[in-house]
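Per TrEMBL, the features are:
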REGION    1-21  region 'Disordered'
TRANSMEM  30-51  transmembrane segment
TRANSMEM  63-84  transmembrane segment
TRANSMEM  96-117  transmembrane segment
TRANSMEM  153-173  transmembrane segment
TRANSMEM  179-200  transmembrane segment
TRANSMEM  255-277  transmembrane segment
TRANSMEM  297-316  transmembrane segment
TRANSMEM  353-371  transmembrane segment
TRANSMEM  377-396  transmembrane segment
TRANSMEM  408-430  transmembrane segment
TRANSMEM  436-457  transmembrane segment
Amino acid sequence: STMKRRTRDSPHSSTDLSEGKEKLRLKQEVGLISGVSLIAGTMIGSGIFMSPEWVLHHMGSPASSLLIWAACGVLAMFGALSYAELGTIIKESGGEYIYILRIFGSFPAFLFAYTSVILVRPAGLAAVCLSFAEYAVAPFYPGCSSPQVVVKCTAAACILILTIINCLNVRLATSIMNIFTAAKLLALLMIVVGGLVLLAKGQTQNFQNAFQNTTAGIGAVGVAFYQGLWSYDGWNNLNYVTEELKKPEVTLPRAVMIAIPLVTCLYLLVNVSYLAAMTPTELLSSGAVAVTWGDKVLGSWAWLISLSVALSTFGSSNGTFFSGGRVCYIAAREGHMPDILSMAHVRCLTPSPALLFTSAMSLIMIASGTFTSIVNFFSFIAWLFYGMTISGLLYLKIKKPELPRSYKVPIIIPIIVLMAAVYLVLAPVIDQPQIEILYIVLFIFSGIILYFPLVRFKWHPRFLQRLTLHLQLFLEVAPTAKDAN
């Protein structure tokens, strides 16, 4: 049946079942170094190469934009530490979805899964692929911005290539991820070193009167945070693979404490380098900040930056795609998603239905939106659910302090994150209300129409069952509940 899962497949009833059955499928192989590289590798994607001009645009001055970048790093750190405590209380994979399910129950968890699978993950993938396209085509249009139709067609081609790679071969997808992580670190280090050389030569004029023209509106600051936090997105990624961590109670907090400060320092140095090479006006008029930086600093070697950034963003979108099946799989395991999305290809052993669905939704978003609009709406939804998850942690800390937890975060930290989440959700709505945000809220609550008949009352129309069967035969997929051996 399409939405139904038998009770024995679900760990909802007892943690023993989850620990006993899941061990057959999931090996605890992710150690501290792998955890750090998983967080840092996902965080460093397209944002640092695309968002600096938008943060500066909304904040108005170099110094205030650097403060936003530092504040985003602190907020990501606080959020990740709060999630680390949740991960040591609820030792299951699935991130926000599993926490909302265990703390608040089935209905809000379904709304999260529904929104995440149809909007949030495809929006994230679309934004990364659009930034890949900007950098891939920039060298062909020197001195002017690239035509939007060319950028969108390149982004669509990127998604289709990633779909083929990830549907055919898991090993190829992981190899690409490792190679491209090296490329992104090389690109960032090149920019950092170039900036330090410029500062040593005395190019500090953009840092004089650095707070001049600062914007003070609450909405502008909120949108600047959206653009900055997009670059830090991925701080919660380790919570999606809790069941696969070696000693999660130790590895989870330690990996967070190492990875996020590292990325924050790197981002600040890269922004300083951009401002050392370009005036704020030049930075704002650049479609691809790192390419403009390369033209000014590296001269005839500027193509190296375009190549490195294109490789970095392609690798990041591959990582987003690769880890994309987790919420689908966990939600289907709990009976909140169609079974077809939790199935795997019988020969390739890849979650091809979930990948094909994400690919189709991402292509729709690329056709209808721009990088900055997609990031703003992605961030609005993401922080709505981050706030909900953090409020769940506060509930557990106050109402159930007796629950065993090996790591405790001071209560002030989740309170700060919750306040920030409320601000980030409400500030842009109050200051500059946009009709699209109303559409997003209506979309989230449209899940009610599906939840009650299909999940709550387990009504499964015959045509959905037949459709699932036909899709299984056409896509050559089978349920993943049974062990492959």
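Even glycines carry a Cβ here, placed using N, Cα and C.
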_Under 8 angstroms for C-beta pairs, at least 3 of them, ignoring pairs fewer than 6 apart in sequence. Is the transmembrane segment (353-371) in contact with the transmembrane segment (179-200) by that rule?_
no
*What else in the chain is close to the transmembrane segment (408-430), if you only count residues 6 or more beyond its ends and a Cβ gap under 8 Å?*
75, 78-79, 81-82, 84-85, 218-219, 221-223, 225-226, 229, 376, 379-380, 383-384, 386-387, 390-391, 393-394, 397, 437
*Which bits of the chain, at least 6 residues beyond where the transmembrane segment (96-117) starts or stops, bring a Cβ under 8 A of a Cβ in it?*
12, 86, 90, 236, 239, 327-328, 330-331, 334, 336-337, 341, 357-358, 381, 385-386, 388-389, 392-393, 395-396, 443-445, 447-448, 450-451, 455-456
_So, taking each listed stretch (63-84, 255-277, 377-396, 436-457) in turn and counting its Cβ pairs to the transmembrane segment (30-51) that are under 8 angstroms, which one gives the highest count?_
255-277
*Do any residues of this chain, six or more beyond the ends of the transmembrane segment (255-277), have a C-beta under 8 angstroms from a C-beta of it, and if so which?*
32, 35-40, 43-44, 48, 52, 62, 65-66, 69-70, 73-74, 76-77, 80-81, 83-84, 188, 191-192, 194-196, 198-199, 203-204, 206-207, 231-232, 235, 238, 283, 289-290, 293, 296-297
*For the transmembrane segment (63-84), find every same-chain residue at least 6 residues outside the stretch whose CB is under 8 Å from a CB in it, and list them.*
39, 43, 52, 55-56, 95, 207, 210-211, 214-215, 221, 224-225, 228-229, 231-232, 235-236, 239, 252-253, 256-257, 260-261, 263-264, 267-268, 271-272, 275, 386, 389-390, 393, 407, 409, 413-414, 416-417, 420
*Near the transmembrane segment (436-457), which same-chain residues lie under 8 Å Cβ to Cβ, leaving out any that are not at least 6 residues past its ends?*
2-3, 106-107, 110-111, 114-115, 118-119, 335-336, 373, 377, 380-381, 384, 428-429
